[in-house]
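Report on the following structure.
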Amino acid sequence: MGATPDFLDLDPGNRQTDYLQAWELQRAIHAEVVAGDRPDTVLLLEHADVFTAGKRTEPQDRPVDSAPVIDVDRGGRITWHGRGQLVAYPIVKLPDAVKVVDYVRRLEEAMIRTFADLGLTGTGRVDGRSGVWLPLDDQRPERKIAAIGIRVASGVTMHGIAMNITNSLDSFNKIVPCGISDAGVATFEHETGRSPALSEVSAALQPRLAELLGWQPYERSADIPRPALAGPAPSGSGPSGSGLG
């Protein structure tokens with residue numbers, strides 16, 4: 001079993017961390033992990049409001065009001081971070097036997113289990129689309145409640161996951177989130193009526209990340225049910241394993 005990563009908590013819920021400052025901190029920690037001077041480390045934080053665009057972002061994905069966007073070196077397309085959303089950046093060395101897609105599946109599993117621990121069951125994956133989803137119902141389409149966007153350099157990961165907890169969805173309406181136009185976005189608060197503190201969510205997520213990043217075999221949660229007519233996710237939804245979406 002792998003060593004448990006260190007968790008560096010930047011006080012989400014009480015402090016919003018500037019995106020560029022967090023990105024610089026990621027790069028510094030990444031260099032130390034690559035050099036073997038620091039153990040695997042997971043940053044936990046809440047960002048000040050920001051749009052970030054991955055390498056596959058299309059012009060039509062960008063904000064309709066020409067709001068500023070930070071272009072970043074992760075995979076995937078455009079997304080939003082901000083108040084009420086918990087972000088985790090695992091900066092970990094991938095074992096030789098662990099492929100990038102398996103790493104992404106493990107991040108998804110950690111979030112699925114965390115949501116269940118907090119009382120939201122029924123989340124899962126959609127084939128061909130990264131992140132954590134809720135199934136469609138009589139009134140709503142499939143909805144993404146957590147996103148993933150990563151980069152791997154010198155065998156060590158950067159960037160990570162974003163869990164929608166109590167954030168507003170207004171900013172998502174200004175963009176095509178993750179380049180996906182045929183699905184919705186959800187928050188834990190809207191789905192459950194509960195408004196947990198981000199510190200509570202962070203405390204629930206940490207043991208799940210430690211569990212899944214120990215690299216032991218695990219039982220994968222089921223994909224969410226999809227009607228037969230839904231078919232596979234469109235190719236434009238982004239490759240599993242790299243997109244923030």
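Cβ atoms are placed via backbone N, Cα and C, with glycine included.
Summarising the annotation, TrEMBL assigns domain 'BPL/LPL catalytic' to 36-217.
TrEMBL lists R74, G75, G76, R77, I78, T79, W80, H81, A147, I148, G149, G160, I161, A162 with the feature substrate binding site. In this view, A147 (substrate binding site) is surrounded by 26 other Cβ atoms within 10 Å of its Cβ, with every protein chain counted. A147 (substrate binding site) falls within a strand segment according to DSSP.
Under the heading site 'Lowers pKa of active site Cys', TrEMBL lists K144.
Here TrEMBL flags C178 as active site, acyl-thioester intermediate.
Annotation source TrEMBL lists region 'Disordered' at 223-245.
Annotation source TrEMBL lists compositional bias 'Low complexity' at 227-237.
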Rounded mean pLDDT for the residues that make up the domain 'BPL/LPL catalytic' (36-217): 94
Among G76, G149 [binding-site residues], residue with fewest other Cβ within 10 Å: G149
Other CB atoms, at most 10 A from the CB of R74 (substrate binding site): 23
Alpha-carbon spacing, G76 (substrate binding site) to K144 (site 'Lowers pKa of active site Cys'), which is rounded to whole Å: 15
Integer Cα-Cα distance in angstrom, R74 (substrate binding site) to K144 (site 'Lowers pKa of active site Cys'): 19
